[in-house]
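Here it is, the structure, as structure tokens.
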Amino acid sequence: MRSKIVAGNWKMNKNLEETEALLTALSAKLPDTQAEVMVAPTYVNLNTSVRHLESSTIQVIAQNMHFAENGAYTGEISADMLLHIGIDTVIIGHSERRAYFGETDEILAKKVTAALAKNMRVMFCFGEELEDRKSGNHFAVVESQLKNALFSLDAGSWSKIILAYEPVWAIGTGETASPEQAQEMHAFIRKTIAGAFDAGIAENVTILYGGSVKPANAEEIFSKPDVDGGLIGGASLNADDFVAIIKAI
Ligand code: PEP
């Protein structure tokens with residue numbers, strides 16, 4: 001049985017006080033759920049967030065990390081630094097990292113390898129741009145993103161991988177992929193992984209959908225058989241909305 005996950009990516013939002021207030025509200029309202037619930041606060045608030053949630057089932061994860069062990073990489077954070085404060089899951093490949101910070105497939109492959117070498121879980125994000133979908137290239141783009149970053153992994157690493165399909169045209173735009181479009185792509189992703197590795201790996205990997213998931217559309221998207229939960233941006237910044245999305249899984 002693969003895990004269900006609802007994860008909130010808080011991006012560059014919420015100062016320390018606001019972070020603690022949101023964590024308190026979330027903890028108080030957290031419904032009973034079989035799903036893993038994760039939040040990704042900004043770096044400066046990760047340590048406090050881990051301490052704040054010490055007695056909670058909500059997991060704190062990181063939005064990014066560098067591939068190097070340590071050294072002269074001003075402004076960057078290593079896997080060991082995350083592990084040292086109790087964080088063992090990291091988002092890699094978010095479309096904003098790709099678009100605004102020049103993270104190529106090659107860089108992302110190095111980050112994935114570095115995180116796995118430290119036994120971390122990787123939430124790997126990928127997805128096509130609007131032009132790719134309009135030109136019917138979306139399957140090829142997704143396949144190449146997966147291939148470039150993940151297909152040279154050994155089969156055993158897949159238990160540490162969580163996939164997050166996020167069509168770029170649906171992120172922060174209010175535009176959501178229809179539940180059918182999400183299902184179609186998730187099924188394609190599973191088929192592609194089955195072809196490159198094996199059917200067991202494809203069946204067991206958790207595939208999240210991300211892109212303008214809201215309380216109003218979460219249940220329908222999550223009801224699709226190959227959608228195992230969501231990576232939530234904007235709606236995870238509000239405790240009531242995030243809790244409603246968790247309830248939808
Ligand atoms: C995201 O950035 O991962 C995301 C899905 O954002 P939003 O939910 O705001 O579209």
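Yeah, the Cβs are placed from backbone N, Cα and C, and that goes for glycine too.
Heads up, TrEMBL stuff is auto-annotated, nobody curated it.
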Can you find which of Gly156, Gly172, Gly195 TrEMBL lists as binding substrate at the same site as Asn9, Trp10, Lys11, Ser212, Gly233, Gly234?
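Matched candidate out of Gly156, Gly172, Gly195, per TrEMBL for substrate with Asn9, Trp10, Lys11, Ser212, Gly233, Gly234: Gly172.
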Other than Asn9, Trp10, Lys11, Gly172, Ser212, Gly233, Gly234, which residues of the chain come within 8 Å of the substrate site, judged by Cβ distance to the Cβ centroid of those residues?
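Same chain, not in Asn9, Trp10, Lys11, Gly172, Ser212, Gly233, Gly234, Cβ within 8 Å: Ile171, Ile232, Ala235, Ser236, Leu237.
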Sort Gly234 (substrate binding site) into helix, strand or coil using the DSSP assignment.
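For Gly234 (substrate binding site) - judged by DSSP and reduced to three states - the answer is helix.
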For Asn9 (substrate binding site), write down the residues of its own chain that are at least 6 apart in sequence and whose Cβ falls under 8 Å from its Cβ; none is a fine answer.
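Those within reach of Asn9 (substrate binding site), by Cβ under 8 Å and sequence separation of 6 or more, are Ala40, Gln63, Ile91, His94, Gly210, Leu231, Ile232, Gly233, Ser236.
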Work through the binding-site residues one by one (Gly172, Gly233, Gly234) and point out the residue whose CB has the fewest other CB atoms within 10 angstroms.
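Comparing Cβ neighbour counts within 10 Å for the binding-site residues Gly172, Gly233, Gly234 gives Gly172.
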